[in-house]
Amino acid sequence: MLPLQVSSLGVEGEGIWLALGTVGMLLGMVYFMAKGWDVQDPEQEEFYVITILIAGIAASSYLSMFFGFGLTEVELVNGRVIDVYWARYADWLFTTPLLLLDIGLLAGASNRDMASLITIDAFMIVTGLAATLMKVPVARYAFWTISTIAMLFVLYYLVVVVGEAASDASEEAQSTFNVLRNIILVAWAIYPVAWLVGTEGLGLVGLFGETLLFMILDLTAKIGFGFILLRSRAIVGGDSAPTPSAEAAD
């Protein structure tokens, strides 16, 4: 049986943020499902399915963390013990590629470009998890650096390569792409900073504040992202996002 402080309130009372995160993700998922309930167009359905999956996976992750699952202790070689919610990384390993897939479909990016982008993204998440679980501080910061560099590649690829594909899209699709791209650029850039100043890095922010920050970032990058995407005329009608050509998909 899980200790009360882990199963309900968390290690430092951060359970309140995990509960709010769970509710926020569930509400977002229900909203997306209700909005897409009567959608018949296959291309529109694709956006709804992906966005609902993102919210559902995130809700499951937050709920598991609230009940104390996906939480472990990492004892460093210097004796410092860190409480780590590794379930975040399991969440991100699935949801970040889906977010990129959503925006890639909107932009009309080729399958090859999206495969490259998602591969780099997965590498970013895995090396971030490695940084979190390493017991030697130098190794932790080394893998954090590698993960951050990978993130910069992801953001660069999103702006330059996917952005170029979006330039051929309709005006409405371009406008929506620009907003979603900026959400990803700002929110994702904050994640490694949050790691660095939080309990997994320098310890300048406790687990309570760190969990609050991650919750805000997650809700913005997932539910906020989905809300804007699925309200766009490029998705719901009146304008259409491009689809990758057969030549671009090669």
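Cβ atoms here come from the backbone N, Cα and C positions, even for glycine.
Keep in mind it's a predicted model, so treat the numbers as computed, not measured.
What Swiss-Prot lists as N6-(retinylidene)lysine is Lys222. Close to Lys222 (N6-(retinylidene)lysine) in the fold, though at least 6 residues off in sequence, lie Met25, Gly28, Ile54, Ala55, Ala58, Thr95, Leu99, each with a CB less than 8 Å from its CB.
Sequence annotations record features per position, and here Swiss-Prot assigns site 'Primary proton acceptor' to Asp91 based on similarity to another entry. Just so you know, the Cβ of Asp91 (site 'Primary proton acceptor') picks up 25 other Cβ atoms within 10 Å once every protein chain is counted.
A Cβ distance under 8 Å defines the sequence-distant neighbours of the transmembrane segment (14-34), meaning residues of its chain 6+ beyond its ends; these are 8, 48, 51-52, 55-56, 58-59, 62-63, 65-66, 207-208, 210-212, 215, 218-219, 222-223, 226-227, 230. What Swiss-Prot lists as transmembrane segment is 14-34 (among others), and the listing cites sequence analysis.
Look at Swiss-Prot and you will find 49-69 (among others) tagged as transmembrane segment.
Here Swiss-Prot flags 89-109 (among others) as transmembrane segment, drawing on sequence analysis.
Under the heading transmembrane segment, Swiss-Prot lists 114-134 (among others).
Positions annotated as transmembrane segment by Swiss-Prot: 142-162 (among others).
The transmembrane segment annotation in Swiss-Prot covers 183-203 (among others). Non-local neighbours of the transmembrane segment (183-203) in the same chain are 82-84, 99, 103, 128, 131-132, 140-141, 144, 147-148, 151, 154-155, 158-159, 209-210, 213-214, 217, 220-221, 224-225, 228; each lies 6+ residues outside the stretch with a CB under 8 Å from one of its CB atoms.
Beyond the transmembrane segment (210-230), the same-chain residues lying 6 or more positions past its ends with a Cβ under 8 Å from any Cβ of the stretch are 10, 14, 17-18, 20-21, 24-25, 27-28, 31-32, 35-36, 47-48, 51, 54-55, 58, 62, 85, 88, 91, 95, 99, 102-103, 106, 176, 179-180, 183-184, 187-188, 190-191, 194, 198-199, 236. Look at Swiss-Prot and you will find 210-230 (among others) tagged as transmembrane segment, backed by sequence analysis.
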Other parts of the chain folded back onto the transmembrane segment (89-109), taken as Cβ under 8 Å at six or more residues beyond its ends: 46-47, 50-51, 53-54, 57-58, 60-61, 70, 117-118, 121-122, 124-126, 128-129, 132, 154, 158, 161-163, 165-166, 168-169, 173, 176-177, 180-181, 184, 218, 221-222, 225-226, 229, 232, 234-235, 241-244, 248
